[in-house]
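So Swiss-Prot lists the following for this protein:
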- 106: active site (ACT_SITE)
- 114: active site (ACT_SITE)
- 154: active site (ACT_SITE)
- 111: Ca(2+) binding site (BINDING)
- 57-218: domain 'TNase-like' (DOMAIN)
- 10-29: transmembrane segment (TRANSMEM)
């Protein structure tokens, strides 16, 4: 009888270990699964499915390229250097290897001058905005906070970057563009603001306008990016 009890206890213990191992594996897989594209982002990641902006889900990763003054391509590196990224595991550097492996990120809360496409001239300061964003983010690690998905299948995100590489101090990139007159506060449909609130961004924009920085130096000739897009549809 005693032997049967011992065998039963061992079986229960082994079963508990198996359940714990499987549960841990599932949690680790969900926590550190690499998000390859917008289709991999489940609805729980986005702001609309979350109760508090103070507890937004976020992704840590690497900016592979900057496309415009307010968007870039993002390669998710879950766990960062702690899980070997950039020293044991490398982020691909050529276009073919990156195909279908990155998310298109649109900065939330701001609107940068439109670059020229398909033979159309870009807006004034579009090149400066793109160059500034590239200087701050390109080939560097950032943290993105998905807010919603736009009509172009981009993840609209709050984005923080690390002014000093590998340190924990972070800054919101949006206000950096607005303060230099390289972007304006976005007030279109589905506008979202994070981590800097709209009221703060508006104050920063007003200061840039008074100082006639960047786009604001154009005075009455300033055409907002949203108006430029409507005119060139």
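The chain as shown is numbered from 1 upward.
Every residue, even glycine, has its Cβ placed from backbone N, Cα and C.
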Mean pLDDT for the domain 'TNase-like' (57-218), rounded to an integer?
93
Quick one: pull the CA-CA distance for residue 106 (active site) versus residue 154 (active site), whole Å only.
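About 6 Å separates the two Cα atoms.
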Mind giving me a neighbour count for the residue listed as 'Ca(2+) binding site'? Other Cβ atoms within 10 Å of its Cβ, every protein chain shown.
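I count 23 other Cβ atoms within 10 Å of it.
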Once the DSSP letters are reduced so that anything not helix or strand counts as coil, what is residue 106 (active site)?
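The residue in question, residue 106 (active site), is strand (DSSP, three-state).
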As a test of the contact definition, list every same-chain residue at least 6 positions from residue 154 (active site) whose Cβ is closer than 8 Å to its Cβ.
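Sequence-distant Cβ neighbours: 38, 71, 103, 104, 105, 106.
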Please state whether DSSP places residue 111 (Ca(2+) binding site) in a helix, a strand or coil.
strand
If you skip the near sequence neighbours and keep only those at least six away, which residues in the chain come within under 8 angstroms of residue 114 (active site), Cβ to Cβ?
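Long-range Cβ contacts: 68, 122, 123, 126, 225, 228, 229, 232.
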